[in-house]
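> My structure is below; once you've seen it, I'll send some questions.
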Amino acid sequence: MFGPFKPAPHIAELPAEKIDSTYKRLRWQVFAGIFFGYAAYYFVRANFDLAQPGLIQAGLYSKAELGVIGSAAGLAYGLSKFVMAGMSDRSNPRVFLPFGLLLSGLCMTLMGLFPWATSGIAIMWVMIFLNGWFQGMGWPPCGRTMVHWWSKSERGTIVSIWNTAHNIGGMVPGAMVLLASAIFFSTHGIEAQAKDVWQQSLYFPGIAAMIFAIPVYFVMRDTPQSCGLPSIEKWRNDYPDDYNEKTYENDLTAKEIFVTYVLKNKLLWYIAIANVFVYLIRYGVLKWSPVYLSEVKHFNIKGTAWAYTIYELAAVPGTLLCGWVSDKVFKGKRGLTGFIFMILTTAAVVAYWMNPATPEAELANYSAWYENPYQLTDFVLMTLIGFLIYGPVMLIGLHALELAPKKAAGTAAGFTGLFGYLGGTVSASAVIGWAAQHYGWDGGFYVMIGGGVLAVLLLLIVMVEEGKHKAKLGDTYGTK
């Protein structure tokens, strides 16, 4: 890379008496940077989904049209995450991470404040594509940072904690819609409908994301060696089974990264394909629940915003539990943990689909969703799905990081993301939108449930192959 994006050079090691204290302080500091930085990316990752009911209600776009527009996000993000991962592996995350955040926030701010940016399908598709491309600059530098600052035996826990950042950030758009609704009520004296606040759901999070980019730059650092510290493996005396100082600590060529450590890695291919169907459910529920709950389950804008928010909130304890289980109970067996969580996730999606809508004759009996037993059940099931689905999402990214040397970790994770977003997110938007438009919401749920079953089968294969892989290397997880 060049200019400010160039990796920070290694410097002379600090005196021995300063290493421990400096390492501990900088790990907290760097973690704050990647946690709050990545959380801010999620201010503007899926906030467009909350604008969709308003765009439909205002008669501006149909579900099928929004599905086409929304597909740009997955297409762009999948390509970008892979391309940017290769660039990130040879860049300074201190610059790379906040720069992408700034550009992504700018895209959403333009869409919310300037009518030309939402004036037609083509221009909206381009704007969503650009936002998705800049979003691809978020995960790779964070993954690169974690493999340099935390060793293998602690990585499952630290990645699961960090992974909750996107759930924390994902709650912000819903909260901002509630804020916009409150402002509308205070100025107009009537309850806001979806068509009244869709612009705010775009530019409120966009402005917030741009503001967050500034402190992220100041707290981030590149590698430990660029701060005068030894490698994390040396400091913790915790080496992977296949550790080789040349490949782990020295920069690799683009060909070595892509061909040797990605394309020839069979286990990485398995988890990449599984990621397609994990992401299909993750984004199928997230993207279409605001419309589904509004059209079918009779939720108002406040109920929809609360359900969207709790879906992300529930992911925090679910992801932490999944990371802890994979580390402490299953001793690093990511495939087994993901297999169990995806079985439970698919069952929860079936229950969400089967729960009946409130009979229209009874709607007047309930003043809020939490007083309505039908809607309360939907709310609980949304919570359960959010609790379960983000564990496999986290595990696949973590597994990819562990299947390649540190200098190729971002590309390995980008490879799985490429499949997840090109296959899973595009399908969650375009295919589910098309199915719901032409076959009703049952058609949309057939797609999601079928994806859940395929994810379970693929993670079963991963589980079996993972066992063979560990047996071949000698399972010394967490013993060094």
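Any Cβ shown, glycine's included, is placed from N, Cα and C.
Got these off Swiss-Prot a minute ago, pasting:
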type     : residues : note
TOPO_DOM : 1-36     : topological domain 'Cytoplasmic'
TRANSMEM : 37-57    : transmembrane segment
TOPO_DOM : 58-64    : topological domain 'Periplasmic'
TRANSMEM : 65-85    : transmembrane segment
TOPO_DOM : 86-94    : topological domain 'Cytoplasmic'
TRANSMEM : 95-113   : transmembrane segment
TOPO_DOM : 114-121  : topological domain 'Periplasmic'
TRANSMEM : 122-142  : transmembrane segment
TOPO_DOM : 143-161  : topological domain 'Cytoplasmic'
TRANSMEM : 162-181  : transmembrane segment
TOPO_DOM : 182-201  : topological domain 'Periplasmic'
TRANSMEM : 202-219  : transmembrane segment
TRANSMEM : 275-295  : transmembrane segment
TOPO_DOM : 296-300  : topological domain 'Periplasmic'
TRANSMEM : 301-321  : transmembrane segment
TOPO_DOM : 322-334  : topological domain 'Cytoplasmic'
TRANSMEM : 335-354  : transmembrane segment
TOPO_DOM : 355-359  : topological domain 'Periplasmic'
TRANSMEM : 360-396  : transmembrane segment
TOPO_DOM : 397-415  : topological domain 'Cytoplasmic'
TRANSMEM : 416-437  : transmembrane segment
TOPO_DOM : 438-442  : topological domain 'Periplasmic'
TRANSMEM : 443-463  : transmembrane segment
TOPO_DOM : 464-479  : topological domain 'Cytoplasmic'
> Near the transmembrane segment (360-396), which residues from the same chain, at least 6 beyond its ends, have a CB less than 8 A from one of its CBs?
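Beyond its ends, the transmembrane segment (360-396) has Cβ neighbours at 159-160, 163, 167, 271, 274-275, 278-279, 281-282, 285, 289, 293, 297-300, 302-303, 306-307, 310-315, 317-319, 321-323, 326, 334, 337-338, 341-342, 344-345, 348-349, 351-352, 416, 420, 455, 459.
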> Per-residue pLDDT averaged over the topological domain 'Cytoplasmic' (322-334) comes to what?
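A mean pLDDT of 84 is what the model gives the topological domain 'Cytoplasmic' (322-334).
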> Which of 37-57, 275-295, 416-437 has the most Cβ pairs closer than 8 Å to the transmembrane segment (202-219)?
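Per the Cβ count, the answer is 37-57.
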> Given pairs 6 or more apart, does the transmembrane segment (301-321) have at least three Cβ pairs under 8 Å with the transmembrane segment (162-181)?
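Counting Cβ pairs under 8 Å, at least 3, so yes.
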> The transmembrane segment (37-57) vs the transmembrane segment (122-142): three or more C-beta pairs under 8 Å (separation of 6 or more)?
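Yes, these stretches are in contact.
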> Is the number of Cβ-Cβ pairs under 8 Å between the transmembrane segment (443-463) and the transmembrane segment (275-295) three or more, considering only pairs separated by 6 or more positions?
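Stretch pair touches.
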> Under an 8 Å Cβ to Cβ limit, what residues of the same chain, 6 or more beyond the ends of the topological domain 'Periplasmic' (355-359), are close to it?
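Contacts with the topological domain 'Periplasmic' (355-359): 296-298, 366, 372, 374-375, 377-378, 381.
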> Provide the three-state DSSP residue tally for the topological domain 'Periplasmic' (114-121): helix first, then strand, then coil.
5 helix, 0 strand, 3 coil
> Please identify the stretch among 65-85, 122-142, 335-354, 416-437 with the greatest number of Cβ pairs below 8 Å relative to the transmembrane segment (275-295).
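Selected stretch: 416-437, with the most Cβ pairs under 8 Å.
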> Counting Cβ pairs under 8 Å to the transmembrane segment (416-437), which of 65-85, 122-142, 335-354 comes out on top?
65-85
> Do any residues, 6 or more residues outside the topological domain 'Periplasmic' (114-121), come within under 8 Å Cβ-to-Cβ of it, and if so which ones?
55, 60-61, 65, 68-69, 127
> Are there residues at least 6 beyond the ends of the transmembrane segment (65-85) whose Cβ is under 8 Å from a Cβ of it, and what are they?
46, 48-49, 52, 55-56, 96, 100, 121, 124-126, 128-137, 139-140, 143, 283, 287, 410-415, 417-434, 437
> Given a Cβ distance threshold of under 8 angstroms, which distant residues of the chain, six or more beyond its ends, lie next to the topological domain 'Cytoplasmic' (1-36)?
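Result: 87, 90-97, 141-142, 145-146, 149-150, 158, 161-162, 165, 212, 215-216, 219-230, 235, 251.
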> Take the topological domain 'Cytoplasmic' (397-415) and find every residue of the same chain, 6 or more past its ends, with a Cβ under 8 Å from one of its Cβ atoms.
81-86, 88-89, 136, 139-141, 143-144, 146-148, 152, 155-156, 159-160, 163, 240, 244, 247-252, 256-258, 261-262, 265, 267-268, 271-272, 323, 326, 334-335, 462
> Looking only at residues six or more beyond either end of the topological domain 'Periplasmic' (182-201), which have a C-beta under 8 A from one in the stretch?
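Non-local partners: 47-48, 50-58, 112-113, 173, 176, 294, 300-301, 304.
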